[in-house]
Structures are given as structure tokens and as C-alpha cells.
């Protein structure tokens, strides 16, 4: 099973936008990116598309997507012939390039003009690439929500398969947490990101036809200029169980450190699999440490202990966080990470608990001297004892 789990993509400073078509939260009018032919019953008062039938064939998906079909030459011009200095990132699917298009005509324009977009170009040799490409068109072409990345259009021309997204200038949460030299995220921003990501997952889970995201991780959470988080990369999304079914059985695909243990062991996928992954990301936000480094195993003993919780808190926060808020978040993470899937809370419940932490309060400050003199999680041994501090390189 282990070989079916992917490691993180190489570069995550990838797509997507500056809120050019931001969805209005206080308007009853249809947003321009919400298809006008949808029945009112499928669009809520915030212009979020609630549920859509899943087309079966490629032709049905493309014809019903309400996305802009681009030609390959248009996207080649928009990215300046896919020049290396336009490259934003690379993953298993392909490459992501920065491009520029006119906001009204969608035609390619010179850099600095029009709207910035992210163009994902499929690697021709990617065996699963077309299936994931089509899955993204299917779901992101139908679902519209402020915390899901906006898919603007696609290109299907010969062997060329591309996707065009809004551009999110602050890149991925992974970069902000783990990239050397990056400005540390404040406690308030971490909670803001967690809430926004929870809203996105909750929206997918609570849809009339539920959707399981299946690859929730820090590198798939992208941030706009105001640090509003949006879920990206829908290539592994699966339709949830229907009728009397309790789960979906599928090939185990995901990212090591984030995938739920029962999913890895049995291939049985439920919305609670996403909840587990959310707990892992919440733990990364608290600790500033990567999931792949056995984070769950090492951090779990500290999550329910108020006196020891500070040992796993990210030292880059320098004590500037709410002790009460951190304890609430740690308890939520612990509930998400429980081994029994049915005991994990629903994303809607997690969202409600996190939103209560967003009320501005004067953060409690932990003494720097205590922080320096007390060993942190990165220095803990598998048996829970603490060893001497040591330096650890990051990827």
C-alpha cells in the first residue's frame, strides 16, 4: 500500500488569484462564474452551487462544464511560450505556469496587463493525468464556493491537456509553514486559514451529493493576497457514498502522513477520511512541523495536556498565541485523529468550533525563557521522553 502514496509535490508556490471575480456574500444576483442555466434550487443565497449530477462521459463533462475552452496557441501566448521564468511549480500531474489574459475577452495579453492566471500543463507521460484532468473539469467546473479555487477554463487539443485557474499570489500553506526564509504566519492567520479550509471541506461534505476530497494537505491549500484559503487540485476527488452505502471502496492514493489509517489499510473511503487529514493539517498549523515526519505519532501524547501542549507549539510563534485557543485547536486535532472514523466529528462541527476562536482577543504570551529552556516536540523520542535539542534540516 505504501507505494500507492505520493510524497509532496516538488514546488508548491503554484496557482492561483487576486480575487478578480470574488463571489459576493451579500448579493442575490448570480456571480459571473456561476452558470446562468442552473436551477435556483442548486444555488444558495451566497451563490454557492450546492449539488450537481455527475456526467458519465468526457463529452458530457466538457459540454456541461460552463468553462472557457482555450486553444493551445492561446495558452502558449498567455504564458510566453511556457518560458522557464513563468514556471510556478511542478507536481506529479504536470507543470504550473503564470499567464496573463484579458478579463473580458480571455485573450492572451502582455505580462502586467489584464488578469493573472495559473496554467497547469499535463505531462504527456502522466498515466493518470487525463483522468485527474477530467475530474478537475467535472468538479471545479460545477462547484462554486469562496474557499474552492476557481477554474476558468481548459484546453483539450491533441495530446495537450491544460487547465486555467485564478492566480493566488501567496502560494501554498506548505510554503508559509515550512519554506526556509518565509515570514512566519501569525496565530490569527493560522486560525483564519484553518477556518477557511474547514469551510471548503464542509461545503463538499454537506452537498446534496457529497464529495470526498481525498487529498487534503498543506500544499493543496492556496492563499490569496488577503490570506484567504482555497482548496485546489481536485484530481483525486471522489463522489461520496449514496443510499445505504457507508463508504466508497477505491485504490489507495494520497500523500504519506495525511491519509487516514483505515483508508490505507482497507481502501474504504468516507468523509471521515478527510476529517483525519484535516486534523493532520491542524497539527501542522500548531506545530510548524511536517506531517511526513511521523508528526501524528509524536504529537498525540501532548494534545490533551494543557501543561505540556506548549512543547509542540511552533517556536516561530515566539509564544504569541492564545493558550486557550491553542488548547481548543489541539483538542479538535485530537478528535479528528482518533483511530475510530465514526468517532471523528463532522467538518461542520469542526468549523463551528474553530469559528469561535476567531473572535479577536489579547493573545496570552508565553515566556521566552520558558520556551528556550524547555525541549520541544522535535526533540522528543518515540517513547515520549525528551532528548537534548538538535538541529534538523527541512526539505
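Including glycine, each Cβ sits where the backbone N, Cα and C put it.
Remember, it's a predicted structure, so these values are computed and weren't measured experimentally.
Here TrEMBL flags 121 as ATP binding site. Secondary structure at residue 121 (ATP binding site), as computed by DSSP, is strand. Residue density at residue 121 (ATP binding site): 21 other Cβ atoms are found within 10 A of its Cβ, drawing on all protein chains shown.
What TrEMBL lists as compositional bias 'Polar residues' is 1-27 (among others).
According to TrEMBL, the compositional bias 'Polar residues' annotation covers 37-50 (among others).
The compositional bias 'Polar residues' annotation in TrEMBL covers 368-384 (among others).
Sequence annotations record features per position, and here TrEMBL assigns domain 'Protein kinase' to 82-357.
The feature region 'Disordered' is assigned by TrEMBL to 1-50 (among others).
According to TrEMBL, the region 'Disordered' annotation covers 358-395 (among others).
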